[in-house]
Amino acid sequence: MSASEISTALLVVAWLAINGYFFISSFYHFENKEEYFYTRKMLKSALAWARAPAACLNFNLFLLLLPVCRNLLSVCRGICPCQFLRHQLDDNIICHQLLAWTVTLLTAVHIIAHVFNLERYAGAWSADENNTLLGALSRIDGNGYLNPMRNENMTPLLASVTTVAGITGIVATICLFLLLSSSMTLIRRSFFELFWLTHHLSAIFYIAIAFHGYGRIVRGQTPESLKNHDPDICSDKFNNWGSNTTCPLPQFVGLPPKTWKWILAPMVLYALERGLRFYRAQQTVAITRVVCHPSRVLELRLRKRGFHAGVGQYVFLCIPSLRSLEWHPFTLTSAPEDDYFSVHVRVVGDWTEGLAKVCGMAEEFEEGAGNAEGCERHKRKPKLDTWQLPFVAVDGPFGSPADAVFEYNTSVCIAGGIGVTPFASVLKSTWNRVSRGSPLKLSKIYLFWLCRDTHAFEWFSELLVALESQLTDIGRPETLEYNIFLTAWDENQALHIAMRHEQETDVILGTKQKTSFGRPSWDREFSRLVEKHQG
């Protein structure tokens, strides 16, 4: 197990331990404390099963927003001295998803327990024509009541839609359902706009949760009442409550709301995060060039005053003329040494098609479906001057820079499919440092790229060809060795490759190093690297 995996496991264990502590301590508190003696008589174990998940919900709702505060994470990366902990920050979306599912599970248990509670509150009124302990507890009037259903005509459904706890609970549950359902992988990939817009319901969700506790539906006996009214002694004398000094009428008070204390800080942090995004959205960003690549890929080259990024980072882009509220993440494909920063956008949906249109490149894709003929190998210039190009808002950069690649004599980079995009920045930066004679510890970089087909990444193969040629020209072809594995192909493609196997360049990519087919044998590949770099 690697150090990174150990640190991940320790964090997960710590998170589970804290949740376990909150659950067990809260469950024990409501199942055993004297002030809830009468509440337990009415609600039984459903009381503890409602409150224990609520305690865990407070903790997880506190954490839920933190992984999506991108600027906060960037600050943490900058001040964190431990590389392994910095790597944990790169899994912020996985952490957010784990917390969201945990909140959903805890919410489900909380709701189910309160359904039983409402039924038992209603049932307490009709218990043996009120000639029971539960009936006596339900009849307590004034502010010291126990049963939040104040008369025998109130039903659980009516209580759900007329009380603060019920209304806010319903609103929060509906928001959570919409947030969760729109976050499913199929919805997120096919209808990203729906996912993005629906996630703004999180504001309503948190506001509803903040006010949920003000309903004070769960009530316990007051400390003053406990001094004069011992439940162990008086519970069997409910017919004489108030008629003697031994057992005066018990008085109850609702639990003070606590959730707002947990979620106030993350809500403020997230509000500041959104405010910073709004500020950055107003800053001027110039599109200096738009390039059409094969396979319906559009390259945007941009400039922004004061913008600095490391290799492998990403940004969020917003085109207000398309949709002012939508921000889409894109990996930077430029090197830090470039006087611009760039992203490659594959035109596959409404937003990206709109982007191609406002950049004056729609016809290029229509003429040849974004292939080599349509773009003329991306030599055709856009029909719009730079001043005619749309305004772009940029937020970022984010993510841990991949500078660690340059801290070793030999680095191995492994990517699958679209995951190769960050390595465009790594390769460009490698070339810049080598060509300029900059001090560079790195002498060899291995790239392993596994993909089903290369059509969507022809721009990356063009980068490999160019870099291969440039390194050869300066006498450093050994700096880069790439191993591309094509995991899916048809019979015609295989026949075409076999007939041209003797060509010096790869039939598919045009590179000098040939493409392999199938999946790599990692044991063999790593053993080969160990043998070549012993010591």
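Yeah, the Cβs are placed from backbone N, Cα and C, and that goes for glycine too.
Noted in TrEMBL for the protein shown:
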DOMAIN    277-404  domain 'FAD-binding FR-type'
TRANSMEM  7-28  transmembrane segment
TRANSMEM  48-73  transmembrane segment
TRANSMEM  94-116  transmembrane segment
TRANSMEM  157-179  transmembrane segment
TRANSMEM  191-214  transmembrane segment
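Averaged over the domain 'FAD-binding FR-type' (277-404), the predicted model has a pLDDT of 79.
The largest share of C-beta pairs under 8 angstroms with the transmembrane segment (191-214) comes from 157-179, of the ranges 7-28, 48-73, 94-116, 157-179. Sequence-remote contacts of a segment are chain residues at least 6 beyond its ends whose Cβ falls under 8 Å from one of its Cβ atoms, and for the transmembrane segment (48-73) they are 18-19, 22-27, 29-31, 89, 92-93, 95-96, 99-100, 102-103, 106-107, 109-110, 112-114, 117, 202, 206, 209, 218, 258-259, 262-263, 265-267, 269-270, 273, 276, 316, 395-396, 398.
Using a Cβ-Cβ cut-off under 8 Å and counting only residues 6 or more beyond its ends in the same chain, the transmembrane segment (157-179) has close neighbours at 100, 103-104, 107, 111, 114, 118, 121-122, 148-149, 198-199, 201-202, 204-205, 208-209, 211-217.
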